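What TrEMBL annotates here:
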DOMAIN    9-204  domain 'DUF5009'
TRANSMEM  12-29  transmembrane segment
TRANSMEM  49-68  transmembrane segment
TRANSMEM  80-102  transmembrane segment
TRANSMEM  114-132  transmembrane segment
TRANSMEM  144-162  transmembrane segment
TRANSMEM  174-195  transmembrane segment
TRANSMEM  202-223  transmembrane segment
TRANSMEM  235-254  transmembrane segment
TRANSMEM  261-282  transmembrane segment
TRANSMEM  294-314  transmembrane segment
TRANSMEM  334-354  transmembrane segment
TRANSMEM  360-382  transmembrane segment
Amino acid sequence: MKTLPKRILSIDVLRAITMFLMIFVNDVAGVSKIPKWIEHTAADFDGMGFSDVIFPAFLFIVGLSLPFAIQARIKKGDSFFSVATYIVLRSLALIVMGFFHVNMENYNYDQAVLSYPIFMIVLTIGFFLIWLDYPEKLSKPLKYGLIALGLIIVATMVYLYRGGNTESPEGLKSHWWGILGLIGWAYLFAAFTYLLTKEKIVFLLTAFIVFALINVTSHMDLLHVNLWQIGDASSITLMLGGAVISTAYTLLIAKGKDKNLWILLASAGISSILFGFLIRPFSGGISKIYSTPAWVFICMGITILVFMLMIYIVDYKDKKNWFNLIKPAGTSTLTCYLVPYILYSLFSLIDFNYLHYFNYGVGGIMRSFLIAFFVIRIVAFLEKRSLRLKV
C-alpha cells in the first residue's frame, strides 16, 4: 500500500482550485439571472450560497500552509526575531493592499485627479514593484531602485486619492480591511500563535479552541469585550484550524500512521459541520456577513473534507497533473488575486462590454469561468518570466 508523502502537494492544488473559484465568484457577482445557490446570501438570511464558502476555505488553506512556511525558515537557521519580522512584513503587505482596495470602493469620481481605472492600474503596478519576487541574479542597486520606485508610486497614490463625495471629500481612511486585509490580520495573529507554540500540537490546538470560543461566545452575546483587530476571531479560527490539521498531518505521516490521518480528517470534517449546525440556532444562524460560528465551522468542515479528497487524488494517487491548467493559481496566488484589478480597469478604459448573452444566466456563468481561466493563464505567462509576488 502506497504511503503518503511528507510534502503535501495537495495544499498547492487546493489553493489553486480555491483561487480559481474566488476569481469566478467575484466575476459572477456581476451576472444576473443565475441560480440563487451560487450567489452570496444577504446578511440577515440564515443560510449561505456557494460563493460564501470560498473566502473561509481560502483562510483555512492559508492556515494549512502556515506551519510549512515558518518551519522552513526555522530549519534554515532564522532566529525568532527574523521569523517574527517575516510575519509582520507579510501581514503588513496584505493589510496595506486591503486598505487601499476598500478605499477604492469609496472613490470620488468627480474630484479625483486620475480616473478610477488609471488609479487602480498605477497602484497595482506600485504593489508589484514593492513586493515582486525579484530574481537572485538581479543586481542589488536595480532591485532596490525598483522597490523605491514602487514606494514612490504608492505614496503618490496616497496623495492623489480622493474619496467621499462632492459635499464631503475625504482622503484614505479606515472602513473595513477588505479581503486581503482580513487575511493579513488573521495571518499576523495565527502565525505568531504558531511560532509561540513551537510546533507543539497540544498548545496549538488549545489556542485554536480559545479563538473558537471567542467566536462562539461573541455571537451568543456572552462576550462583551472588543478585542483589538481580533473582533469575533472568525478569520483567526479558520486559519488556525488549517494550521492544526497540517501539523497533525506532519506528525502522523512522520510516524507512518496514514490510516489514522484518514480517520482524523473524516472525523474533523464531519464533526465541524455537525457542530456548525448544532450551534446555528443559538449564535445568529449561518451568515458570512456576520461571520457567525455556524458559517465558520460548516465552511471549515467542508474544506477539510475537500482537502481529504485532494490528498487522496494528488498525494496518494499522484494525479497532480490533472490540475496543471490552474497550477499557477496555487503557486502565484496573490498575483492571481491582483491581476483582475488590472484586467477590469483595462476593460473600463477601452469601454469593453460583453455580448448581452454573457451578462446573464448560463452565458454569464460561462463567461465567469472563462475569465477565471484567462486570469490564470496571464499569471502563468508572468510566472514564466519570474514576475510573481513573494507575499
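Cβ atoms are placed via backbone N, Cα and C, with glycine included.
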Suppose I define contact as three or more CB-CB distances under 8 A, residues 6 or more apart in sequence; do the transmembrane segment (144-162) and the transmembrane segment (114-132) meet it? yes
Winner by Cβ pairs under 8 Å against the transmembrane segment (12-29), considering only 80-102, 261-282, 360-382: 360-382
Under 8 angstroms for C-beta pairs, at least 3 of them, ignoring pairs fewer than 6 apart in sequence. Is the transmembrane segment (334-354) in contact with the transmembrane segment (114-132) by that rule? yes
Close approaches to the transmembrane segment (174-195) from elsewhere in its chain (Cβ under 8 angstroms; 6 or more beyond its ends): 55, 58-59, 62-63, 66-67, 70, 80, 83-84, 87-88, 90-95, 97-99, 101-103, 105-106, 204, 207, 211, 229-230, 235-236, 238-240, 243, 337
What residues elsewhere in the chain lie close to the transmembrane segment (235-254), defined as a C-beta under 8 angstroms and at least 6 residues from its ends? 3-6, 8, 11, 56, 59-68, 182-183, 185-187, 189-190, 193-194, 199, 201, 204-205, 207-208, 211-212, 214-215, 260-261, 264-265, 268, 272, 291, 296, 299-300, 303-304, 307
Confidence summary (mean pLDDT) of the domain 'DUF5009' (9-204): 94
